[in-house]
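What Swiss-Prot records for this protein:
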{"type": "BINDING", "residues": "Asp74, Asp76, Asp78", "note": "Mg(2+) binding site"}
{"type": "BINDING", "residues": "Cys75, Cys91, Cys98", "note": "Zn(2+) binding site"}
Amino acid sequence: MITLDWEKANGLITTVVQDATTKQVLMVAYMNQESLAKTMATGETWFWSRSRKTLWHKGATSGNIQTVKTIAVDCDADTLLVTVDPAGPACHTGHISCFYRHYPEGKDLT
């Protein structure tokens, strides 16, 4: 059994969400033990909102639910990779992914 490291980030686990089909990274959010348990129980993503200090069911308002396919744990047991089938855009701006901007803006580093 894998033991997750909840202590490193004060009870939170960084969670990378990836489209199970396209492999595109959709978003990064945080889970606490309760949101991970709800994710496991419902098969849909739940997160902890650091700003609102409350649980957050992704897509509950927008309808853009994320159905969980797999959950992987990194080598340090402090980050999760959750693959999902998204029902719509992941970003609150309406973009498919929250990673639609480049830094520095408009420039490639190569």
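Cβ coordinates are placed from backbone N, Cα and C, and glycine is handled just like the others.
Overlay of Swiss-Prot annotations on the structure.
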{"residue": "Asp74", "record": "Mg(2+) binding site", "contacts (Cβ under 8 Å, 6+ apart)": "Leu80, Leu81"}
{"residue": "Cys75", "record": "Zn(2+) binding site", "contacts (Cβ under 8 Å, 6+ apart)": "none"}
{"residue": "Asp76", "record": "Mg(2+) binding site", "contacts (Cβ under 8 Å, 6+ apart)": "Asp5, Lys8"}
{"residue": "Asp78", "record": "Mg(2+) binding site", "contacts (Cβ under 8 Å, 6+ apart)": "Leu4, Asp5, Lys8, Ala9, Ile13, Thr14"}
{"residue": "Cys91", "record": "Zn(2+) binding site", "contacts (Cβ under 8 Å, 6+ apart)": "Leu26, Met27, Ser97, Cys98, Tyr100"}
Apart from the site residues Asp74, Asp76, Asp78, the 8 Å Cβ neighbourhood of the Mg(2+) centroid comprises Asp5, Lys8, Val73, Cys75, Ala77, Thr79
All chains considered, the count of other Cβ atoms within 10 Å of the Cβ of Cys98 (Zn(2+) binding site) is 17
